[in-house]
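Read the structure below first, then the notes.
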């Protein structure tokens, strides 16, 4: 069956929900898809369709990132519902890297919680430039003054992580009440239900406040591989988000990383949201069909790139901020020879920290939680690295630092 073409009529934005577990991220995502499907002939997504990652059912915790799409009058959105649970921050680091903006969901009944702060910090680290706040569960808050206090606390928290907390739009509402109303009557237009209207009000703010990003379309093509599938009779498909540049069916690409020498292949097809494309540009979440490549020759953590534009490296110098104990970082110092995981794009690679330098250029033998430091890192596997690239340092399931590559050494 021929797939229909993906039409590019509106600017495309990648967005996601972040916030503490059980504050209502997935419920809000479902309510947005249902509200924006009204009158379009499309259908929204139910809560259980978004929450459908296989491991979750036992614990009711979102683990995998769910991708949904919807449109406002001015834009097309791809929305990731980020995992809320601390153990799955690993997924958020790969998922949040996909966001041009975020909707921070905070329960108006509880206020900011530890994971709220962790997600704001992560958003800062992975470079999510803008966010809008949804104060959820307004129906459970009897005293309007209480909601105002929660809003103030959220704004202060955002300020403390260098987001413009005073100007970020905050919309209060109840995702559950809106979702229930839309489930009973899927044709509720604007103005017919106060709870549903709050969802529209939220999306109006997202449209207005989160700018359409300047895509890096003119730079050389690069896409970090998130997943690899084998399609019988057609070959191997690598999926991911195009980070920069564009790729056209028929072009050659290098597959770089986790090996010393890049592989070269030809792109034989492109698909987005199950529709075929002739070309794919920065910002697209896309599947790339690769000629003559076996499924076991590519894996998550490699990148597809324009030939000879990026090389695999194992050693680099970086500027790193080591999280303080209060931010969920380590409680004890670490020393040269420390071996944590380095998260780069979609990969986690073990690396050894060879040496540290203080801001004044002097060698230092010990790094305390809360320090900012220059460090030289040697990875155990080569991956596609370039100057200015961000990464996270993780250990035992938690983020202990965030950094940016300042020099490539080998």
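From the backbone N, Cα and C atoms, a Cβ is placed for every residue, glycine too.
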Field: Annotated stretch (region 'G2', per Swiss-Prot) among the listed ranges 50-54, 55-59, 60-64
entry: 60-64
Field: Feature region 'G1' in Swiss-Prot, mapped to one of the ranges 3-10, 11-18, 19-26
entry: 19-26
Query: Between 132-135, 136-139, 140-143, 144-147, which stretch does Swiss-Prot give the note region 'G4'?
result: 136-139
Task: Out of 81-84, 85-88, 89-92, let me know the one Swiss-Prot marks region 'G3'.
output: 81-84
Query: In the structure shown, which of the binding-site residues 22, 25, 26 has the fewest other Cβ atoms within 10 Å?
result: 22
- request: Count, for each of the binding-site residues 19, 138, the other C-beta atoms lying within 10 angstroms of its own C-beta, and report the residue with the smallest count.
  value: 138
